[in-house]
Each structure stands twice: as structure tokens, then as C-alpha cells.
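Chemist: Relevant sequence annotations retrieved from TrEMBL are reproduced here:
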TRANSMEM  26-51  transmembrane segment
DOMAIN    40-288  domain 'G-protein coupled receptors family 1 profile'
TRANSMEM  58-77  transmembrane segment
TRANSMEM  97-119  transmembrane segment
TRANSMEM  139-158  transmembrane segment
TRANSMEM  196-215  transmembrane segment
TRANSMEM  236-259  transmembrane segment
TRANSMEM  271-290  transmembrane segment
Amino acid sequence: AMGGNHTQPKFILLGITDTPWAQAPLFGLFLLIYIVTLLGNIGLIVLVWVAPSLHTPMYFFLTHLSLADICYSTVISPKMLTDLLFGNKTISWAGCLTQFHLFALFVTAECHLLATMAYDRHMAICHPLSYVMVVSRRACWQLVAWSYLVASLSALIYTSCTFGGSFCGPRQVDHFFCDASPVLRLACSDTRGSEVAIFALATANGLGTSVVILLSYGHILHTVLGMRSAPSRARAFHTCASHLVSVSVFYGTLFFMYLQPASRHGSRDKVASVFYTVVSPMLNPFIYSLRNKDVKAALGKCRRRMLNLC
């Protein structure tokens, strides 16, 4: 039994804070955020599903973004909430590996989906005549499949780099979920190779997708500023501005976390992590849809249909 216990160590998640009086208010806050995240994202998926007017590429990608948001906030929030509530912060080696693997998969998918959405907006605004041909139904499925394929392969590499070594000594993960750098700090084998591999892949995924996003929005802004009619200029500008806010929060905190040397990681990491693991999935459905005429119209239609049924 001892041998089995040694190969499968338990980890202890130190959590967001060890201040006793802060646990209850944080539990309340994160529970509220998680509920809003689920309601907002599931609501958006259902709305797009039932409203024929929203059966367009943009909303197709948006439902997949919502799905990724639901998945990775669910990988992290419930465990964090039970830790805050009960103070039982242990997680098995397999649980830790699974949590990290799924988190890496859905966050990477989110990066590629955000890039896909930026490309979609770029085609719609800058090349409206060829848009229907280029962004066909088949192309939409291919772009989403590509996002998940790259994410799956990346997650496999991240996970094997993070959990491939041996762990010994204190198994306290100084974080509220199993993330690469706090877990790698507990390894007793040399982790430099793993750190370099993770850094290189995170850079390729992060910078690659953010370049697509920046170029797309750069072209969009250029096109928008050249528009003759002020209302359509304002509308396109509003849409882009809100998308860019969401993207900036997500990427800004991701880059802060993963594109800094291991020695620089510290207590601020947890604050940054809260933004892309908890806050970003909550904001996305509201940023991408509530400012939107089509969604408001579809919501109104659904509400009228519901009232007629009643």
C-alpha cells in the first residue's frame, strides 16, 4: 500500500487566501459569479439554438465560446468553492492532473475561438461581398474543429510536461487550482526542459492567436473609419470596442501569468488568475451579446412567445 501511496501523492491546494474571515465573503462572491456565468452562457447557447435569426457564423462561434467558458469555469469554480466552504483543500494526483488538463484544453480552445471570431468579424465588415462564400457552414465547422484539435494536442503536451516528473517533499500547491507553475515548483526532478516547452507552446498559442485578433481588428478599424454613414460607423466601432475590452482582460492576465519567468511568479498570480478563470467567462456572454441588436430582438421574440404560451 505504501508504494502505491508514494506514486500517487495527494496535493494540498492552498487556495486564494488563508485569512479565515475572508473565506465566507469570497465563497459568496465566487458562487454568485459562477451562477451568473452558467446562466449567461447557457442562456446564450439556448437563445442561439431557438432563434433562427441568430443562425449565423458569428453566433455559431459565440456558442462554442460560451461552451468553452462553461467548461473551464466548471473545471475550476466548484472545487474552489468547496475548498472555501469546507476548508478541505486536498486533491488527488489524478484529480490535479485532470483539472489542469481540462483547464489547459478549454483555455487554449478559447484563444483559438477568439481568433476565429475576430477573423469572422474582419471578413463580415471588410469583405462583405465574399463573406457568405468564405465563411460557409463547412468553413465554420472546420475552424471550430481546428480550435479544439490544436487545444487537445497542446493540452496533452502541457500536461505531460507538468506531471511527467516525480514529486517529493511538501505537496502544497500555492494556488486555488492545479496550474503548471505552482505544480512544477513541487517537482524534485529537473523541470527546466518542461518549463521551456510549456513557455514555447504557450507563446505560440497566445501570441499566434493574439496577432490574428490584432490584425483583424486593425483592418476592421481601418474599414470602419472609412465608412460614409455615421450610424454604421458608430455601431461597428461599439462592437469592436467591447470585443477588444473582453479580449484585453483575457489575454492581458494570461500573458502576465504564462509569459513571465518561473522565478517571477508570486502572490499576484492568484489575482491575475481570477480574471481569466472566473471573471472572463462571466463577462463574455454579456460583452458579446447584450450590446447587440440581433440578440435583443431575439430575446424580445422569445419573451413574447413565452407570454403567448402562458
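Positions of Cβ are set from backbone N, Cα and C atoms, glycine also.
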Chemist: Can you tell me the mean pLDDT for the domain 'G-protein coupled receptors family 1 profile' (40-288)?
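Modeler: Mean model confidence (pLDDT) across the domain 'G-protein coupled receptors family 1 profile' (40-288) is 88.
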Chemist: Given a Cβ distance threshold of under 8 angstroms, which distant residues of the chain, six or more beyond its ends, lie next to the transmembrane segment (271-290)?
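Modeler: Result: 16, 30, 33-34, 36-37, 40-41, 43-44, 62, 65-66, 69-70, 72-73, 76-77, 103, 107, 175-177, 179, 242-243, 245-246, 249-250, 252-254, 256-257, 296.
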